[in-house]
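Undergrad: Attaching a single structure in structure tokens format; questions to follow.
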């Protein structure tokens, strides 16, 4: 399920969603406006229902806008332009969230306060939210892979400061012992020389 909801599949789903709306705007827009689920959601949200004639000249303009909006995502998607989606998806999500709120709350303006504007903006919020989460997860995984955060416990080497300190102490003790031996040898030689001088003086 997680592999199916990657950023590429969600982006293709949005492109197909926009092309489908554009097709029905030219074919028969009432296939969408009179859909059962569409009407149920309209009544549940207590929104005015938009009615359009299937021969309205405005539908050609709507179809063109939806088609261009889909192509606007399709070209970067085919080029695998990840930076484009990382930049545009958060902004687009914010814009559609604001439009959804305005469409529901601004009851005096029937240009935006109707079921078609609200449901379309709500669908865009849902799709872009899924796309934003997928892009963020893929970005985090790529960051972890590049910085090698996943390190095995066997690869970690524990430092050994105490062993080094012990060896240094032993070396110092050996040097001190050698110095003491040299001093004792010098004292014995001095004593022997003094003894020889005393014996010569007595003779």
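Using N, Cα and C of the backbone, Cβ positions are placed for all residues, glycine too.
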Undergrad: On the question of membrane sidedness, does Swiss-Prot assign residue 54 and residue 87 the same topological domain?
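TA: Topology check (Swiss-Prot): residue 54 vs residue 87, domain names differ.
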Undergrad: Of 93-113, 156-176, which span is tagged transmembrane segment by Swiss-Prot?
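TA: My reading of Swiss-Prot: the transmembrane segment range is 93-113.
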Undergrad: Using DSSP, break the topological domain 'Lumenal' (25-58) down into helix, strand and coil residues and give each count.
TA: 17 helix, 0 strand, 17 coil
Undergrad: Can you tell me which parts of the same chain pack against the topological domain 'Lumenal' (25-58), counting only residues 6+ beyond its ends and a CB-CB cutoff under 8 A?
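TA: Those are 66, 104, 110, 113-119, in sequence order.
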Undergrad: Could you please provide the mean pLDDT value for the topological domain 'Lumenal' (25-58)?
TA: 87
